[in-house]
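Colleague: First, the structure itself, so that you have it in front of you.
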Amino acid sequence: MRKSMGITVFGCEQDEANAFRTLSPDFHIIPTLISDAISADNAKLAAGNQCISVGHKSEVSEATILALRKVGVKYISTRSIGCNHIDTTAAERMGISVGTVAYSPDSVADYALMLMLMAIRGAKSTIHAVAQQNFRLDCVRGKELRDMTVGVIGTGHIGQAVVKRLRGFGCRVLAYDNSRKIEADYVQLDELLKNSDIVTLHVPLCADTRHLIGQRQIGEMKQGAFLINTGRGALVDTGSLVEALGSGKLGGAALDVLEGEDQFVYTDCSQKVLDHPFLSQLLRMPNVIITPHTAYYTERVLRDTTEKTIRNCLNFERSLQHE
């Protein structure tokens, strides 16, 4: 009989816990499920397991990594595509490997298309009016994608999936990326901004892309253009965005991510007063759609992320056996 391997899963939400419990027997693993995010204080809960899993909102600092090393952890698998939340330099220095999971880009691509359609059809205003039993057509006349040019910034897996979907709508598609990864009409960023009716962001956040869309870039965009962001909040200078929306320079925005969202995303804040410089303004704007960083979140992605996390840990354990 194969010996079961243990994995300590930190920051484990109820739906993730159910997925781990369902899949664990198939892989002969024993998960220790902990709802609290990983920290230097609770790292000791991983004692006895060489592999742990963390969520993408868990900040894994140097102090936390040191605490993990002390209890014998050798591998951190984050349940996310990126690992900006982990001090990978400290992990490498302490001999702890870090792994990520890649999931299907379709969930985010579908969501980005949904947000585009909602934005250009004025869905927020329409839904609000109907909720008030106002069924008039005042100010609800929308636009059609086939009549528009869409600029896709970033043509990695998600950007490529977005381009593929847009072609089905018959609209013109422009693309910008540091490398040409697909057959597409690639242009420089300033040309994309000047010629796109919709701009959608699909690049990772790093020093070079922080505030990629700032005051100057917004100034280059077409009058009445729409901005869609399902990437990372800090890709956009939110202050400049709010100013452009208020002045009418931009026709609208649909944001699944927002700069400074860490204080409220994935939390019921209905009874709280949030100290965010722009959230309340954006929520009041009839042409702005805000959603809670949920573009990726589907049943398929939950299962895929859980399964790939388990496989990452199993593969790491096997690699140790062959050293």
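Sequential numbering from 1, following the chain as shown.
Each Cβ is built from the backbone N, Cα and C atoms, and glycine gets one as well.
Grabbed the feature section from Swiss-Prot, which reads as follows:
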BINDING   H157, I158, T230, G231, R232, D256, H293, T294, A295, Y296  NAD(+) binding site
ACT_SITE  R232  active site
ACT_SITE  E261  active site
ACT_SITE  H293  active site, proton donor
Colleague: Among the binding-site residues H157, T230, H293, A295, which ones place their C-alpha within 10 angstroms of the C-alpha of E261 (active site)?
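Modeller: Final answer, ordered: H293.
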Colleague: In sequence order, which residues at least six apart in the same chain have a CB under 8 Å from the CB of T230 (NAD(+) binding site)?
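Modeller: For T230 (NAD(+) binding site), the qualifying residues are V108, Y111, A112, L115, I158, T200, L201, H202, D256, V257, A295.
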Colleague: Max CA to CA distance in Å over the NAD(+)-binding set H157, I158, T230, G231, R232, D256, H293, T294, A295, Y296?
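Modeller: Across H157, I158, T230, G231, R232, D256, H293, T294, A295, Y296, the two farthest Cα atoms sit 18 Å apart.
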Colleague: According to DSSP, which of helix, strand or coil covers T230 (NAD(+) binding site)?
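Modeller: Coil, per DSSP.
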Colleague: Tell me, by DSSP, whether H157 (NAD(+) binding site) is helix, strand or coil?
Modeller: helix
